[in-house]
Amino acid sequence: MALNSSVTEFILFGLTQDAGKQKAIFGVFLMFYLATLLGNFLIIVTIKTSRTLGSPMYFFLFYLSFADACFSTTTAPRLIVDALSQKKTISYSECMTQLFASHFFGCMGVFVLILMAFDRYVAICKPLRYTTIMSHHVCRVLVILSWVASCIHASAQLLLALRLPFCGPNVIDHYFCDLQPLLKLACMDTYLINLLVVSNSGAVCMVGFIILLISYVVILYSLRNHSAEGRRKALSTCTTHFIVVVLFFGPCIFMYTRPATTFTIDKMVAVFYTIGTPLLNPLIYTLRNAEVKNAMKKLWCSQV
């Protein structure tokens, strides 16, 4: 429990209080969540069992799908269950657990996207040294470092949340626990804590996005020396990655790099990056990637 806090549980306001809309939310988001789990599970199983998807790009895609499935699981099930329940309460400890888990897996997704961009940079700009630089050992170390960095980020967010005293109002105007809506309920001046949130989450989003942007500019610049076929293949791969990057980072930057103000659109933006992006990622990577599609066909046709 937080220091000097008299609040033991919170009430999640959710997306709407309209009973008819809540039933629609239950049906729509249940389908979205099951499709997210299915899509990411298919990618995980395909990469794990396929002999043709052994390159570092698919090694990182495996972890992106895992992070996406877990990230969606931190928020979607509660949103779905709360849509039909009268009492939308969440205990203080559950709230803090949800906050930590969502930031941990969300941050993991950010770092894996950066690793995927680095992999494409090495493959296109330094093809002769690719196998040396992106060895299996290096890839494993990079993923472990991503896990550690994600844990540090999520722990920092959790420590900020634990410092907030709550002494009355306990209705969170959101469908999951996050620092921004919690700051509105805290009975203290939250200006400094909000600055720390922006410098933590905001920095992860902005720095990650800038690194990815620079890497793609460098990749595009280096493509001028490649053959037409090489350019086409590289552009196809990079376009796929860039779509995912924009879909994920756009909403994150909007949410975490601004002062402690809330807008009516905030919850819809949060829905997009917590539920929409994990659902779209498997579709984008499979529909635009012939190798993944072929590996899936082989795997599931042989099973049937």
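Keep in mind that glycine also has a Cβ here, set from the backbone N, Cα and C atoms.
Curation plays no part in TrEMBL annotations; they are all automatic predictions.
Features reported for this protein in TrEMBL:
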- 39-285: domain 'G-protein coupled receptors family 1 profile' (DOMAIN)
- 24-45: transmembrane segment (TRANSMEM)
- 57-80: transmembrane segment (TRANSMEM)
- 100-118: transmembrane segment (TRANSMEM)
- 138-160: transmembrane segment (TRANSMEM)
- 191-222: transmembrane segment (TRANSMEM)
- 234-256: transmembrane segment (TRANSMEM)
- 268-287: transmembrane segment (TRANSMEM)
Legend entry - seg_contact(the transmembrane segment (138-160), the transmembrane segment (57-80)) with at least 3 CB pairs under 8 angstroms, min sep 6: yes
Legend entry - In contact by Cβ distance (the transmembrane segment (268-287), the transmembrane segment (24-45); 3 or more pairs under 8 Å): yes
Legend entry - Mean of pLDDT values spanning the domain 'G-protein coupled receptors family 1 profile' (39-285): 88
Inset, instruction - State the residues, same chain only, that lie 6 or more residues beyond the ends of the transmembrane segment (191-222) and have a CB under 8 A from a CB inside it; answer 'none' if no residue qualifies. - result: 103, 107, 110-111, 113-114, 117-118, 120-121, 124-125, 153, 156-157, 160, 163-164, 179-180, 183, 234, 238, 241-242, 245, 249, 252-253, 256-260
